[in-house]
Amino acid sequence: MEKSARRISAAPLLLLFLLCSLHSAFAGHDYGQALSKSILFFEAQRSGFLPHNQRVTWRSNSGLNDGKASGVDLVGGYYDAGDNVKFGLPMAFTVTMMSWSIIEYGKQMAASGELHNAMEAIKWGTDYFIKAHPEPNVLYGEVGDGNTDHYCWQRPEDMTTDRRAYRIDPSNPGSDLAGETAAAMAAASIVFRHSNPAYSRELLNHAYQLFDFADKYRGKYDSSITVACLINFVQDELLWAAAWLYQASNNQYYLNYLAANGDALGGTGWGMTEFGWDVKYAGVQTLVAKVCKTCSWSPRRYQQKAEYFMCGCVGKGSRNIQKTPGGLIFRQRWNNLQFVTSASFLATVYSDYLSSARKSLQCSAGNVSPSELFSFAKSQVDYILGDNLRATSYMVGYGNNYPQQVHHRASSIVSFKKDPRPISCRGGYATWFSKKSSDPNLLTGAIVGGPDAYDNFADHRDNYEQTEPATYNNAPLLGILARLGGGHGGYNQLLPEVVVPAPRQPTRAPAARPVTPAPVSTSAAPIALVQKVTASWKSGGKTYYRYSTIVTNKSPKALNSLKLYINKLYGPIWGLTKSGNSYGFPSWIKSLPAGKSLEFVYIHSASPADVSVSSYTLA
């Protein structure tokens, strides 16, 4: 009884302590400091010869023979995450989003003293892309491969893994890779237009060539560079590149391309609830809606899909983005924060656009003011910086409680400058990966993968789903942090207030080549998806439902492969084969003939899961 009485009397003190701790954690953030740290992270990811003003001093030169075996100089660029592979597609998206951050919020970055560092981070990527694009229809898209690289745990300075270079060309196309790299070069050309006009023109010329290459030679990057092992659209990068080329060049051809291909390439059909390095539709739709105030054709259908995304973010749409109990966007277990920072950036940009246009967002569950949309973006950033029930900052080096065992080779192994003795391939796992202590090198500014669907987080080096950082996590965050720290400094700051001057005459006619149409909804050709409840029962106080989903090939051609995304699935599923984060044909079906259907079923005690087509190929 005495012990119980003590517990009861101590409970209010414990509650008071927890409330005080949370109040201290939520007391506000130094967005300027967070911005500085976020940009610094990119210096830790550099490959190649490090410059004399390198601020992350525990890193050294690495990858100095990249491309040599292929007769091309591919020294430089970025390692995109915690490994030592240079993946072209996520690297290009990283550069595009850093550039967009400056285009929107360059004034705020300049006021914080970080504009120069941000531009240097972009140039480190674009210098590499220039090297990787030695001919108009050739682009090197990867150096190294994940299979051999993941077998080893070594510093970049010690790499003994295969550094083979992989490329796309007319015989081995990759429209997604070439399109995203074109977008990156075009967006970066805007950033350097005033400070380095010759460099800006060089970037724009590469962007022109890469777009032509992507559009003329259609194909998926991972079909040509098979070690990439990606699940990705192709159509969205073509529209994304066209939108950025119009922004950069004011060439009517690219505007016409967006108008003529919006339906066929999915830009006016796909309503998305995610945006990231492999799914660009929401970004395309937001960009087109924002820049097309003076278009000769109506951008309304692009705008409708952009607002579909925004409404889903704030929870007032017909299909809302899933959130954790703590209010964080949740898309997937592995590196979920990439989707949080990307969505928050779009919401920030669109809220400023609405504010400048003196409009509100029309959602199915009611109107949303620009300030409400911006508050959503701020809430996501504040969560990342520590405003969560764990009082954990998911930016390394920011706040008092942040990840200490990051899944990152360079930061987890003693600095080459401190101990230059080589770390062997497997020796790194035995000596450094398995250590339970904090990383010897602080990976300042890195945004790690983040918590799970229930706000749980385990700070362990082997927990790569939650503790691995990535450049594309940080890139969209630069703009939001600049905006949060510097306020609303004006719409579209590095471009004229009127989006673009009167268009020049197009330099060429819009492409007339037919394209394979992308499905615009769950019932659109060539693939139809129909869900229905076939049974229900009660057990343990819950009602369970059996859902049947019929997939029908409405095309006159055979469906040779199919990838489905299934969100909000809380029970078992039968009739599909899971591969990574997607689902494909069951093992007993190799293809689906024209007009035929397949069925899969699942059971859970909730509304129907969200089923959508990710990709497909027709014979």
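Using the three backbone atoms N, Cα and C, a Cβ is placed for every residue, glycine included.
All annotation found in TrEMBL is predicted automatically rather than curated by experts.
These come from TrEMBL:
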- 1-27: signal peptide (SIGNAL)
- His407: active site (ACT_SITE)
- Asp459: active site (ACT_SITE)
- Glu468: active site (ACT_SITE)
- 527-607: domain 'Carbohydrate binding' (DOMAIN)
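Structure coloured by features recorded in TrEMBL.
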residue : record      : Cβ within 10 Å
His407  : active site : 24
Asp459  : active site : 16
Glu468  : active site : 20
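Between the alpha carbons (Cα) of Glu468 (active site) and His407 (active site) lies a span of roughly 5 Å. Counting residue by residue with DSSP, the domain 'Carbohydrate binding' (527-607) contains 0 helix, 51 strand, 30 coil. Distance from the CA of His407 (active site) to the CA of Asp459 (active site) is 9 Å.
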